[in-house]
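Visitor: Quick one: the structure is below, questions incoming.
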Amino acid sequence: MKGKLIIVSGPSGSGKSTVTKIVKDRLNIPLSISATTRKPREGEVEGIDYYFLSEDEFKRKISNDEFYEYANVHGNYYGTLKKTVEENLEKGLNVILEIDVQGALIAKDKKKDAVLVFFKTKDTKILEERLRGRKTDSEEVIKKRLENALKELEFENKYDYTVINEDIEDSCQKLIEIINE
Ligand code: 5GP
């Protein structure tokens, strides 16, 4: 049997990355490492957090049709490599992609039985607090991410499930239930 494709999206600061990482560990789901042209943040490691590529390298992969999906998010390219998704699904392994709304809709279009999960906070004030609390991004980047968050929230109705992330453990349980359904 083929694995399930689960796609998690939601605004920056919704806590989706933290929850997705924990759930992947608990369920032994292999990491799916995206490529990006964004510069690494402090502490981020090549090949673990992302494959950090130059814009030329990224565009070469686009021309070689190496991406399952890709999108321009906050002014940088981000993309999932085809082999990451296809090889694992063929092997019967579940795949979780944590990607933006544009990429999620591309992936759903390719694979109609993909399950789309939208993460959000109870209100946007919490998002702003979390983004500022991270202290890794400049004011300009924070503003852009907040603007983008409001746009992303408009896509919630295209998703199969919404998780309002108030408590990490509760959200992990919800995501696990969705995956096992
Ligand atoms: P960050 O810069 O905070 O790591 O990620 C910014 C946004 O890019 C997040 O919404 C994240 O989900 C999205 N993202 C990360 N990897 C991918 C990917 O492979 N494809 C797409 N479309 N979005 C991605």
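A Cβ is built for glycine as well, from the same backbone N, Cα and C atoms used for every other residue.
The domain 'Guanylate kinase-like' feature in TrEMBL is assigned to 3-180. Feature annotation from TrEMBL assigns ATP binding site to Gly10, Pro11, Ser12, Gly13, Ser14, Gly15, Lys16, Ser17.
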Visitor: Please report the number of other Cβ atoms within 10 Å of the Cβ of Ser17 (ATP binding site).
Guide: 15
Visitor: Determine the mean pLDDT over the domain 'Guanylate kinase-like' (3-180), rounding to the nearest whole number.
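Guide: Looking only at the domain 'Guanylate kinase-like' (3-180), pLDDT averages out to 93.
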Visitor: Report the residues of the chain - excluding Gly10, Pro11, Ser12, Gly13, Ser14, Gly15, Lys16, Ser17 - with C-beta within 8 Å of the mean position of the site's C-beta atoms, for the recorded ATP site, in sequence order.
Guide: Phe119, Lys120, Thr121, Leu127, Arg130, Asn165
